[in-house]
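Colleague: Got a structure here, written out as structure tokens. Questions coming.
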Amino acid sequence: MGDQPFIPPPQQTALTVNDHDEVTVWNAAPCPILPRDQVYVRVEAVAINPSDTKMRGQFATPWAFLGTDYAGTVVAVGSDVTHIQVGDRVYGAQNEMCPRTPDQGAFSQYTVTRGRVWAKIPKGLSFEQAAALPAGISTAGLAMKLLGLPLPSPSADQPPAHSKPVYVLVYGGSTATATVTMQMLRLSGYIPIATCSPHNFDLAKSRGAEEVFDYRAPNLAQTIRTYTKNNLRYSLDCITNVESTTFCFAAIGRAGGHYVSLNPFPEHAATRKMVTTDWTLGPTIFGEGSTWPAPYGRPGSEEERQFGEDLWRIAGQLVEDGRLAHHPLRVVQGGFDQIKQGMELVRKGELSGEKLVVRLEGP
């Protein structure tokens, strides 16, 4: 019986947004079709990201599936796939709410992998731990690309050496994206410094920050300019509001530099011509572009698709080697109602220094 091929059920359960713009558990959702170059996954755990909570209104495709981060068990393998077998464990990201593939989202009982934005879960890593990584890996890689910084080399024993310290300011250093980015920066030979609340200082330092500052401290921009000898050139804003943008611009050294945020930033706060600006857009990691409303809409790009493939090949190796750690977890057991409740916790900002993961119970 174990040798019989997997046949998807006629229906599955998924989390979606209905015609009334309400997040709803859909018990009669369709199952996706398996492409030849992908694998079919029974979802075992999912992580909830702030972006998941924003898929409403113009960002929602009614009855498309929600969810980016998943980890699960391979139940079927496409005919062109040779390196994965049924029973293997994988983790990856989905392009949620995509109108071209409405039945592919992480918040479902079954999904199929997408592009090359997935990897095999190494031994010793649980489904819950693996599910916490995909969005962080993808966003960290995109941020480094936009800052003009190279990705780590998975084969290097030591990070590359620079003639003098090259600092990167990470504003919001206790966020899930920040903790992955700081590790990757360290592995690329850069020195992260971070801002966050004092109760998360140890977390930021454990993920690579050389120094951590209380974001509420007076005259902090000047403190950082002094710490970096007025030579700070790179700033990643993981919060993205008027205060964070203004602060990052003030902390960058006299010669200017590069500012990247995780969302469109308030342009009136970007006050220095010597500082270049950009912001990350998650779906670009697939090379598929985005159909979201302006300013998020973007055409597909083969260059971005190739970058996503390269990033995930590197990051997958780093995770396997134990050199890239996940964010601290808050794990809850349950089903799709628990995912829905978790989205509300994340939307309200009720977590600090933790990634919310739901371990899905069996049918």
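Cβ atoms are placed via backbone N, Cα and C, with glycine included.
Residues annotated as NADP(+) binding site in Swiss-Prot, with similarity to another entry given as evidence: 51-54, 174-177, 197-200, TYR215, 262-263, THR280, 351-352. Annotation comment: Swiss-Prot describes 226-272 as region 'LovB-binding', evidence class similarity to another entry.
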Colleague: Can you see whether DSSP assigns TYR215 (NADP(+) binding site) to helix, strand or coil?
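Modeller: Assignment for TYR215 (NADP(+) binding site) reads coil.
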Colleague: Which site among SER51, THR280 has the most other CB atoms no more than 10 Å from its CB, taking these as binding-site residues?
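Modeller: Answer by Cβ density within 10 Å: THR280.
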Colleague: In sequence order, what residues of the same chain, 6+ apart, have a Cβ less than 8 Å from the Cβ of ALA176 (NADP(+) binding site)?
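Modeller: For ALA176 (NADP(+) binding site), the qualifying residues are ASN49, ALA132, ALA135, GLY136, HIS327, LYS355.
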Colleague: Ten-angstrom check, please: count other Cβ atoms within 10 Å of the Cβ of PRO198 (NADP(+) binding site), all chains counted.
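Modeller: PRO198 (NADP(+) binding site) is surrounded by 12 other Cβ atoms within 10 Å.
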Colleague: Which one of the binding-site residues (LYS54, TYR215) has its C-beta surrounded by the most other C-beta atoms within 10 angstroms?
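Modeller: The largest 10 Å Cβ neighbour count belongs to TYR215.
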Colleague: With helix taken as DSSP H, G or I, strand as E or B and everything else coil, how many residues of the region 'LovB-binding' (226-272) land in each class?
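Modeller: Helix/strand/coil tally for the region 'LovB-binding' (226-272): 15 helix, 9 strand, 23 coil.
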